[in-house]
Every structure is written in structure tokens, then in C-alpha cells.
Amino acid sequence: MWDYSFAIPSILILAILLINYFMLQRLPIRVNKNFVSLLLIETVVITSDIFSSWACENYQDLPKFVVVSSNMFYFIFFILRAYAFFVFTCSILELDPTENQFRTFLCRLPMIITEVVTLSSPFTKAVFFIGSTGYQRGSLYNIIVLNFAIYLFFSIHATVTFKSRLKAKRDFFGILFYLLILIVGLIFRIMFPRYLLMDTFCVMTIISINLLFMNPEYFIERRTRLFNSEGLRIILQDTTRQKYNTIFAFVIRHYQEAVEIYGAKQMDVGIRLIGSYLRRILPKEKLFYYRSGRFVIMTKSSVDVSSVIKKIEERFKSPWLSDNVELYLEARFVEVSPDYEMYDSDIVINTLVNALNKANNSTDKSHILVGRDMFDAIQNNTAIKRALEKAIENNKIEVFLQPIMDAQTNTLVGAESLCRIRDDKGEIISPNKFIPIAESNGRINQLGEQVFEKTCKFISENDMSALGLEWINVNLSAAQFMKKDLASDFSNLIEKYNLRPSDIHLEITEAVIVDDDITNNQIQSLRQKGFLFSLDDYGTGYSNISRLKHSPFSNVKIDMSLVWDYCDNPNLLLPMLIKAFKKTGYSLTAEGIETKEIEETMKSIGFDYLQGMYYSPPIPMDEFIKKYTKSS
């Protein structure tokens, strides 16, 4: 006799879980599909377990075919259930079975072998047979237990191996928790075969999974009841959402201004009204709210996107009305080309947000089409950010040196330190690309510190006089210049490498000296430590000589734009500027020397130092040593 007392409540619990699953809004992603498959398989297993147990008890009154086939049906799904738990675990770990077909086949092999052995039982009596005394276990019965144990081992191994893919530690321990329940259930099945306890433990596991991983509220935006930004990221990552292959989006124009005008509470109502409207006109499509008035819609290819956009545009021509709410809002639209499927989900989202921001700021009402060029630009920008982070974290910022020549003797007198980073292929990334990123994300300070220290190290390890170097210029960014402890940091590094502060000249641009008080205080602190200053790129900003008199620079570098303009159209402006600077006590450096003619012209009007590609592009430190030690 088998005890059904545990199995019947289990199937009722499963029924509740199934009803709950289909009542709530879910993303059409692999993990959800695998969970509902697990629910259905478990329902079939418990139902067939009860029926086959009843058939075995009444084998004398039933046709042998019914008894055999019911047991066969149960064992087939019992074996499949073990594999289903493993597949679900893989989906939590975001493992894609299509990435490695051979590995997937190897993972399925235990199930295939066990199913084949089980299906042969009517002929071989391998797993079970119906004899004169009823149901009997076969000689290979324990293969089904072994199959379950193998998939539990596979699940534990995958969890430990790929735990870095999980978003939080609780997910890792959550997986181990439900796998432990299955292990205990398997032990109980071996020890108490007459009780249908294994099904109860499997249901306990499914309940744990539902509580730990299947809460759809994680992906629902509370005001609109649409999917949120995390839901958008997950569905873009999932490769099983092929039927939703068209994306368009819109943004409420000047959303923050609208919040200020109408108030946060009224705008929340407005966002909710828009969400309700979208659910009404697009009930079968996937709708997302991506913060700050941005809505994203994923549709099937059969949907006429143009007509839907026109319909939404028409709706925005009327106010959004509710109790005590009347909002007049404007929307701007973005359409995404099918090329988005070629890119990583983060790239797609970043590109989409960038396009929506562009649409928001545009006075043109035409739709923005997001194509491959925009995706590539964002992808390249992301790659540069990663390269920058990697270089800073691993102290891999490279310092290149560009020579500064004495205009009178045409010999090397100084150099400028310029930072460089490399991409994954080892190729140099243009500073015009990574410097703005470093300034915007706050990494410019660490970048500048590495350049300064590596310049100090270069000076300490090499014979400056043998190279002909009197000093090396190091650039300071505006953010770096605002650091209160900058002077002490630099002074400590000078002492660490046993240098003189005058070995390094600090270059700052005109943009840095906007706030005279802060600038002068910082300059005075650094000058007290013995550092000298050079004003970089003069002529690109708004400084004048009278302002510079109060900023104690020792050298002014005239920007290449003024140099080239003078060579193209000679006039008195630049020569007079040079004379004025020299009377004030500054030495002068001409940037942008690219030809012999420019060199001769700049010498003739009185420059002290010359710098440019005519002499050398910025080169690595080791090349600089070889080139200029040899020449000396």
C-alpha cells in the first residue's frame, strides 16, 4: 500500500501556484518559461504518481497494459523532472544552452540514457515489471535515483562555477537552499519508498523558488504597472523573446520642467494615466516605463508601428485628465532598427536613452531612428570607459613624451607628459575620446595622479642632463586643480623620488583660472612647495594679460590655432602679444610646429620654445630615451 496523504495536498498547492502564475503579469523570458514548465511537469508527476500507485494496488482488477503504461508514464516524467530542475537552475544563472550545443547534449545524456532504460522495462524488466504479485522493482531501478542525483550534482557544480553571474549573494544561497530541499527529498524517497514524500519535497522546492526568484513585482513599475528598467534589461538579454523584435519609445518632453510646473503628485497621476492608455491600446505587447518620463514598447513584427505612433501622438494633443488633474504634455518618439539584436542589452538601453535625451532636447518633431551607427558609437564609448577603468585600476596608464625645443639652439630642452591608454587589442585610444569621459565620471584625478607619479619615476631613473632635459611639463585638469590636498600630494611624490619641484612644470589651461581666488590659493600653495607653472593653450579661452599678471606663471604656451592663423595671414597681433608677454616676464612656447616654415616664422617673431609634430609626435618613454640619448 502507498500513502497518498502527502501527495494530494501537494497537487492542490501546485494548482494554486499555477493559477497565481498566470494571473500576474510576467516577462516572456527563459527563466519564467522554465518555471512554468517545471510547474506543469511536477503536476504531471504527482498526478501520474497517484494514479500509477492506485493502479499497482489494483493490478488484479485492471488490464496489465493500464498498470504498465501508467507506471511508464510516471517514470518518464519523474526522470524529466530532475532535468527540469537543472535547466531552471541554469536559467537563474543566465546560462544559454545554445552557446555550446555539445555541452548541452552532454548534460542531457544522463536523462536520455535513463529514459531509454526505463522505456525498455516492458521487455527487459530493467526498472520495473508487473509480476504475479503485482508491481516489482527491476534490477536497474536505482538508475532513476542516480539520474536525479546526477542532476543535483550538475546544478550544484553550475551554481558554484557560475556564481559570479548572479546579481546578489542571496541568489547564490537561495539556489543552494532549494537544492538542499531536493537532496533531503531524495534521501527520504530512498529510505521511505512507500510514502509519496518526494513529491512533497519537490513542491516545497517550487514554493521556495517562487518566493526567492519568481516575484514579478521585482520587474513592475509601481505607478504605471508597466515593466520597469530592470525588466527591459532582462528581456533584452533573453534570447527566447524572438516574437517581440520591434522597439519604439517616447519621452515626455521636458519632463523635469513638467514636474516643477504640475508637481510630483500630479505627474505621478499623469504617468499612471499614460501607462493605462498604453495597456488599453497595446494589450498584447510588452510595455516598459524607464524613469523620467520615458516609455519603451516592444511589439511583434506584425504590429504597424507607424500607425501606433500616430495614435499616441494624437492622444497627446489632448490633456490627460483625472480627478483634480489636467496635464498638457508633449511627446517625442524614437524608433529602433532591427539591428539592435546584434548588440548587448546594456548597449541597446544606453543607446535608447541617449536617443530619447536627444529627442527631448530637439525642437524638431520628427522621429529619431536609432540605427547601427548610433549603436556602434555607444558601444565604442562603452569600450573606452571599460579600457579607462581597467587602465586606472591596474595602474596601466601610459605616459608618452613630446619634446619641447629651444628656439635659439634648436636642441631639446624640455618635454610634455601626455597620458595614453590602450584598448583590448593593444591599440592606442585617442585622448580626445577618453579625457572627456574621465572628466565626466570623476576618474580624471586618478588619471592625473598616475601621470604625475610616472613622470617623477622617469626623471628619477634617467639622466636628465644626458637627454638634454631641464624640465618636464605635466598637465593639470580643472577637477584635479580643485583638490585641497593637491600641493601636499605632489610634494610627497617629489620627496619619494628625491626630485626638485622645479624638475616638473605644471600646465593648466585658461578654463582652470576662472575662479581667481581658488586658482591663486592653489597656485600659491604649489609655488610654496617649489613648483613652476605654465599656462597651456593660450588663445582658446578668455584670459588677458592683465588677468595673467595676478597669476604667477613662468611660461605661456600659445595655442596652435593662433600659430597657424598667423602663418596663413601674418599681422601685428601675435608679435605684439609676444612682446607684451615678454615685458611682463613670461617665456613663450609656440604649439603646433608642423613644418620647417612654421618653425622659422615662430623663431623670427621671438618665441623661446617650440613644440609640435615637426620635431616628434608624443612617443613612449623608452623610445624617447633611445631617440634623444643617441642624438645627445
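Cβ atoms here come from the backbone N, Cα and C positions, even for glycine.
Pulled from TrEMBL:
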DOMAIN    381-632  domain 'EAL'
TRANSMEM  6-23  transmembrane segment
TRANSMEM  72-93  transmembrane segment
TRANSMEM  105-128  transmembrane segment
TRANSMEM  140-160  transmembrane segment
TRANSMEM  172-190  transmembrane segment
TRANSMEM  196-213  transmembrane segment
Of the listed stretches 6-23, 72-93, 105-128, 140-160, 172-190, the one with the highest count of C-beta pairs below 8 angstroms to the transmembrane segment (196-213) is 172-190
Take a look at 6-23, 72-93, 105-128 and tell me which one has the most Cβ pairs under 8 Å to the transmembrane segment (140-160). 72-93
Looking only at the domain 'EAL' (381-632), report the model's average pLDDT. 88
